[in-house]
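*Asks:* So TrEMBL lists these for the protein:
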type	residues	note
DOMAIN	A:27-252	domain 'ABC transmembrane type-2'
TRANSMEM	A:33-51	transmembrane segment
TRANSMEM	A:63-83	transmembrane segment
TRANSMEM	A:104-131	transmembrane segment
TRANSMEM	A:137-163	transmembrane segment
TRANSMEM	A:170-189	transmembrane segment
TRANSMEM	A:231-249	transmembrane segment
Amino acid sequence: MNATAPTGALNASRTTATAARVLRQLRHDPRTIALMIVVPCLMLVLLRYVFDASPRTFDNIGASLLGIFPLITMFLVTSIATLRERTSGTLERLLAMPLGKADLIAGYALAFGALAIVQSALATGLALWLLGLDVTGSAWLVLLVALLDALLGTALGLFVSAFAASEFQAVQFMPAVIFPQLLLCGLFTPRDRMHPVLEAVSDVLPMSYAVDGMNEVLHHADMTATFVRDVLIVAGCALLVLTLGAATLRRRTT
Amino acid sequence: MNNVADPPRPTAPDAVHADDLTVVRGSRTVLHHLRFTVPRGQITGLLGPSGCGKSTLMRAIVGTQAKVTGTLDVLGRPAGHPGLRSRIGYVTQAPSVYDDLTVRQNLDYFAAILDPARAASDRRGTVERVLADVDLTSHADALAGNLSGGQRSRVSLAVALLGTPELLVLDEPTVGLDPVLRRDLWNLFHDLAARGATLLVSSHVMDEAERCHRLLLMRDGRILADDTPDALRTRTGTDTVEDAFLHLVDEAATADASTTDRTKETSR
């Protein structure tokens, strides 16, 4: 691959260089890492003792949250990180260099994906073995769903950062984009018991499938067809939104 | 003051060639039918008051400006061509580096993006060279965010020097620097030009004009003059480029006024 190669195919070394750079930036900010890793664990502990008297409820909500936490954290971190990249001028600089947009996005996805693995592994391990969350299926499947959710969060964060002019706005996108999905994803009440209009809306929101996938693992020992469908939908949505996000990275701006 | 050596003879075609170049931002036309050339291997100063369109013109040349019409060829290719990306170094007015990385980590990353195929040891050598060029070797392991404004802008400049670019586009690189550093940077610019690079340097400080081989004087999105500093002073009968600029502005204003008068008369 020569240095002047234009965009298009993914360049492995540029992608890994970008991922390493993003992780290096985070390493200079240990407090953010600590918050990302510790807060989900603390929430699970809190939840466990809030539902001290009803372990079944903890199973249901806890499993759903194992999918929702990585989505929310990655959404926040990515939207702020890419917004900073846009406002600091480094994005313009990078796009004036021989860097493909796909390299940049894949680099971010790789870095935050790695972080999501650590976060999900800790949260899942804690929930399953220390807090007694009772999951019928395999812990690996829980981790897989959590990872895909993290990827979806990264994709959504990247996408909305294009519409935020400041960090204040970026943070406000969290209630705008995440809360409706949180209310409609079946966490609070099964989706088929919602008003039909809301149920229809929840059918097209990706978080519904993230939570649904977790519930499949919770209740079934084997990989069910529904689980496979859920996983594919979440992965497909993540890829779709990542592509939309790539379209918002413009080499030429006004 | 005047430390300009004899400009090298341009051998290759011009580094930048613009004809009828117009840029629109929103509903405003920022650059009006510009026509100019930037010769290779020289330092061309782009001078004019803040807001006259210098940065927009530079962004058009490096290919990050949208809504550019007319002809704009850079290093023999239309501006913005993907093949140009590794041949142009661009430094924006605000330093564009990662504040939460050290100076060296910043340079390592951009070096990896510019030329991923090169061996890491080679790249390290380049990083050391540009650190020395901008006199930041002693601050290599400091976080960019902890540096002073002038130091951060030098990190930004160092990034642009990484790929040994043929064309360097520097947007106000000496703003906020003390006189010693300013002199050192201008010496560096002359070194780079002597090594064959073409530099386009913007400034709104007119005394820097004397250090350029050629000047493009801009005002309100138009080019008032495209000449050497000496020729400008001779033509306008002034002692400094600043006076020459003022003279040209007045001249243009008078010309404007008379055309408006004429239009008024014809419309009557």
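Residue numbering: from 1, along the chain as shown.
Placed from the backbone N, Cα and C atoms, the Cβ positions cover glycine too.
Looking at the shown structure, can you explain where the listed features end up?
*Replies:* Here the transmembrane segment (A:33-51) has Cβ contacts under 8 Å with residues 26-27, 57-58, 61-62, 65-66, 69-70, 73, 77, 115, 118-119, 122-123, 126-127, 131-133 of the same chain, all six or more residues outside its ends.
When Cβ-Cβ distances below 8 Å are used as the criterion, the transmembrane segment (A:63-83) is approached by residues 22, 25, 32, 36, 39-40, 43-44, 47, 91, 108, 112, 115-116, 119-120, 123-124, 127, 133, 135, 142, 145-147, 149-154, 156-158, 160-161, 164, 166-167, 170-171, 173-174, 177-178, 182, 185-187, 207, 210-211, 213-215, 217-218 of the same chain, each at least six residues removed from its ends.
Here the transmembrane segment (A:137-163) has Cβ contacts under 8 Å with residues 63, 66-83, 86, 105, 108-109, 112-113, 116-117, 119-121, 123-125, 128, 169-170, 173, 177-178, 206-207, 210, 213-214, 216-223, 227, 230-231, 234-235, 237-242, 244-245, 248-249 of the same chain, all six or more residues outside its ends.
Outside the transmembrane segment (A:170-189) by six or more residues, the chain places 61, 64-65, 68, 71-72, 75-76, 79-80, 83, 156, 160-161, 163-164, 198, 201-202, 205-208, 210-212, 215 with a CB less than 8 A from a CB of the stretch.
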*Asks:* Please indicate, using numbers and ranges, the residues of the same chain that are 6 or more beyond the transmembrane segment (A:231-249) and have a C-beta under 8 Å from a C-beta there.
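*Replies:* For the transmembrane segment (A:231-249), the sequence-distant neighbours (Cβ-Cβ under 8 Å, at least 6 residues beyond its ends) are 91, 95, 101-102, 104-105, 109, 144-145, 148-149, 151-152, 154-156, 158-159, 161-162, 206, 209-210, 213.
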